[in-house]
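Per TrEMBL, the features are as follows:
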TRANSMEM  31-50  transmembrane segment
DOMAIN    40-304  domain 'G-protein coupled receptors family 1 profile'
TRANSMEM  62-87  transmembrane segment
TRANSMEM  107-125  transmembrane segment
TRANSMEM  145-166  transmembrane segment
TRANSMEM  196-221  transmembrane segment
TRANSMEM  253-275  transmembrane segment
TRANSMEM  287-307  transmembrane segment
Amino acid sequence: MGENNFTESILKSNSCDLQRAVIGGSPTKSAIMFSAGVLGNVIALILLEIRRRKQPASLFQVLVTSLVVTDLLGTFSVSPLVLTAYLRNESLVGMNDKRFVCGHFGYAMTFFSLVTLAILLSMAVERWLSIGHPYCYEKHLSKRCGYITIALIYLLCALFSATPFFGFGKYVQYCPGTWCFIDLNPSKTEHKAFKIIYASCLLVMIVCTVLCNASVIYNLLLMYRRRKARRGSVQRQQGHTRHRSISKEFEHLVLLGFMTIAFVICSLPLVIQVYLNTYFESCQSSLISLLLVSANPIIDPWVFIILSPPVPRLLWDKLCRTAKFKRTQENVRSIHPALNHSNPPVDSEVGSLMKVYTGIPGTAGS
């Protein structure tokens, strides 16, 4: 009896992996997500190019640009296949007898999820070195280090994501037939090992990114307290420069922090699901976690667009000017109460002057 229940559960979990037609789902939702992802990434690249022409690109901007390009490539790698499956009413497995399409989809999902978080970790480490170890940062790090790091990230993630094609790990299809990803309920030991390694890599990078960001926040607070505590003419002359430096670092931290939060929200459910599926089976939760992972390349560029330094800076300046203008008006009115009255007192004074004027001989009123 127990063996029959186990067999039925395996067949049920693999039923979507064998179907050759799309059952259910919404092509409209997929089209909206694809359009939002492409539009957001293109706008983000335009903003980065405008900033690059105004000032030389820094190492942080190189990493941000690589992240946006990665998100754009990830969107183009999987979304058109989903739309094609809906249009043809064929699942990813049904498009090709040898499961090439499904394999490509699963490879792309795995590869770009790892690359995205690895680049976010690189950005966090770059900020940590820049704030916490400025001498080492200025002496050893440059844009060339950024390009080398990106190349290594792509190479390592590509090799790891390709191992299911050689028997270590497996890509399977999920309902409604438009998704392929790592088998979250494998029966073989090597497939279980692959999914656990994948989830562990994500978890380690998430924890390291959060720790780096926390260290940056701590160092920024120390810098602010030191600047505030210092006195003297030299410090006062350099105060504006330090304030601009801290403000710029804070803008980078806000951008990196929100991107990290977005990725944690999108990827942590999958990490939890992988560990849970080691002991339990939950196909529905697996699909929700896959949807969240696919949403991250759409969210990242819009986070950059909204939190790009010129946008919050302009809003902050406008709020400060408005508050300063209102405060000035209140001070003037408190010093000169007569300004709070309307025009009639002024008119009465003008009227009395006119009476004096008309009473003078030789004037128009005489």
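Here the Cβ of each residue, glycine as well, is placed from N, Cα and C on the backbone.
Note that TrEMBL annotation is computational and uncurated.
Predicted-model confidence for the domain 'G-protein coupled receptors family 1 profile' (40-304) is 81, expressed as mean pLDDT. Taking Cβ pairs closer than 8 Å, the transmembrane segment (31-50) reaches residues 61, 64-65, 68-69, 71-72, 75-76, 79-80, 82-83, 294-295, 297-298, 300-302, 304-305, 308 in its own chain, all 6 or more past its ends. Here the transmembrane segment (107-125) has long-range neighbours at 60, 63-64, 66-67, 70-71, 73-74, 77-78, 146, 149-150, 153-154, 157-158, 160-162, 164-165, 171, 180-182, 198, 201-202, 205-206, 208-209, 212-213, 216, 256, 259-260, 263, 267, 290, 293-294, 296-297, 300, meaning same-chain residues at least 6 beyond its ends whose C-beta is under 8 angstroms from one of its own.
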